[in-house]
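Chemist: Sharing a structure here in structure tokens format.
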Amino acid sequence: MKHIVKHIHFVGIGGAGMSGIAEVLVNLGYAVSGSDLSRNAVTDRLEALGARIAIGHDAANIEGANAVVVSTAVRSDNPEVLAARHQGVPIVQRAVMLAELMRLKQGIAIAGTHGKTTTTSLVASVLAAGGLDPTFVIGGRLISAGANARLGTGDFIVAEADESDASFLNLYPVIEVITNIDADHMDTYGHDFARLKQAFIEFTQRLPFYGSAVVCVDDPNVRQIIPFISKPVVRYGLSPDAQVRAEDIDARDGRMHFTVIREGRAPLAVVLNMPGLHNVQNALAAIAIATDLGVSDDAIQLALAEFNGVGRRFQRYGDVPSADGGQYTLIDDYGHHPVEMAATIAAARGAFPGRRLVLAFQPHRYTRTRDCFDDFVNVLSTVDALVLTEVYAAGEAAIPTASGDALSRALRAVGKVDPVFVATVDDVPDALAKVAQNGDVVITMGAGSIGGVPAKLVQHIQQKA
């Protein structure tokens with residue numbers, strides 16, 4: 001590619017999926033430019049690495065580019081897309097560019113409705129501990145690396161495979177992981193769950209004959225597609241028929257202690273430095289891959305024990321002063337689907353038994369809120385106190401019956417929790433100051449702008465002091 005394409009421009013370069021690919025390309029020696037609507041830590045990092053960053057979208061931004069990379073979130077009438085089309089510059093989907101990177105190395109693609117980012121991070125961390133020095137492209141910041149992407153010298157590239165727009169069908173890895181299959185992004189599949197499952201089957205057909213599909217058999221939908229996978233399958237999970245499974249699971253001190261059972265291997269005692277049964281499952285995927293690639297048990301144990309997590313995935317901010325003179329534990333999480341939220345809430349209950357759980361939640365997308373409305377009501381009813389914001393639209397038109405206010409009214413009707421509704425994320429710090437008490441565990445959650453709230457909370461407390 002490099003003898004033809006020397007300058008690559010990214011429209012929306014600050015996004016999690018785009019920025020990782022851009023960083024790897026910068027490190028490969030390409031001239032990289034990009035635009036976004038605002039600056040963030042990611043754009044600052046890319047600029048420091050040598051990328052040219054423009055704030056705002058303008059036709060002039062693509063000057064000199066041999067290719068323009070877009071995600072499905074970029075509209076066709078974006079001025080940079082229009083300019084590229086007018087100038088005859090190839091417009092490349094993000095997943096297609098990721099597929100090009102995978103052609104340079106042996107790809108390990110992590111797919112599934114939930115858990116992709118954490119599982120990708122665990123796989124990258126375990127392979128790195130085993131001396132394989134992988135390249136990785138992750139949808140969140142790997143805290144130990146301080147970045148969501150890295151160009152390694154080894155043979156493997158570990159990346160998330162996105163089913164939300166079916167773009168994972170562009171990838172041709174040698175190892176695939178399927179963590180679970182759940183009803184999300186159903187607009188892509190015509191609201192037909194069978195079509196979604198078929199897409200995952202087609203994903204496994206991208207594997208070479210020597211490749212393998214590493215699948216979580218605890219998920220009933222994954223289990224249903226196994227008979228249709230024509231390539232070698234490695235089953236992991238907590239189920240008795242899993243080839244890589246966890247037994248004797250014990251949650252202590254915010255960590256998960258368990259024994260790994262693998263066919264033909266001695267039992268392996270593991271401590272995972274993060275809470276939650278779902279993260280045990282994610283770790284098993286990493287263990288299965290690492291075992292297959294010859295990583296030593298010592299390296300596996302070390303990587304999991306020292307895993308520092310991923311930004312916005314049960315990310316701990318420590319103890320924060322509360323308005324009553326005490327302090328509460330602050331955690332931030334990216335969860336935005338009821339299944340993910342339930343797993344995070346369960347992890348918090350396990351890590352902090354007996355403590356009151358306060359959730360500040362920003363729903364993400366009106367269509368998801370509409371499609372999962374009852375499930376949102378059920379999962380939000382399980383916390384002890386709730387601050388709820390208006391839906392983060394992510395470019396969608398508002399749906400009045402699926403608004404944050406509508407969700408709030410439905411929760412009050414059920415009667416298990418009385419939500420404090422705020423119109424904007426900017427109102428969350430004040431609302432939490434009134435709700436949070438000494439000894440509470442407070443979780444800010446959502447895939448939208450609520451990710452900036454933890455830093456504001458700390459600042460809010462300092463200003464009040």
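Positions of Cβ are set from backbone N, Cα and C atoms, glycine also.
Features from Swiss-Prot:
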BINDING   GLY112, THR113, HIS114, GLY115, LYS116, THR117, THR118  ATP binding site
Chemist: Around the Cβ of THR113 (ATP binding site), how many other Cβ atoms lie within 10 Å? Please give the count over every shown protein chain.
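Modeler: Here the count is 22.
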Chemist: Suppose the ATP site is GLY112, THR113, HIS114, GLY115, LYS116, THR117, THR118. Which further residues of the same chain have a Cβ inside 8 angstroms of that site's Cβ centroid?
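Modeler: These residues sit around the ATP site: ILE110, THR119, THR179, ASN180, ASN282, GLU340.
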Chemist: For each of THR117, THR118, count the other CB atoms within 10 A of its CB; which of these binding-site residues has the top count?
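Modeler: Answer returned by the neighbour count: THR118.
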Chemist: I'd like the number of other C-beta atoms within 10 A of the C-beta of GLY115 (ATP binding site), please.
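Modeler: The Cβ of GLY115 (ATP binding site) has 23 Cβ neighbours within 10 Å.
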Chemist: Select the most exposed residue of HIS114, LYS116, where exposure means the fewest other Cβ atoms within 10 Å, treating these as the binding-site residues.
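Modeler: Minimum Cβ neighbour count within 10 Å, taken over the binding-site residues HIS114, LYS116, occurs at HIS114.
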Chemist: Can you give me the same-chain residues 6 or more apart in sequence from GLY112 (ATP binding site) with a CB-CB distance under 8 Å?
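Modeler: The list for GLY112 (ATP binding site) reads THR119, GLU163, VAL177, ILE178, THR179, ASN180, ILE181, CYS216, given in order along the sequence.
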Chemist: Give the three-state DSSP assignment (helix, strand or coil) for GLY112 (ATP binding site).
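Modeler: Note: GLY112 (ATP binding site) is coil by DSSP, not helix or strand.
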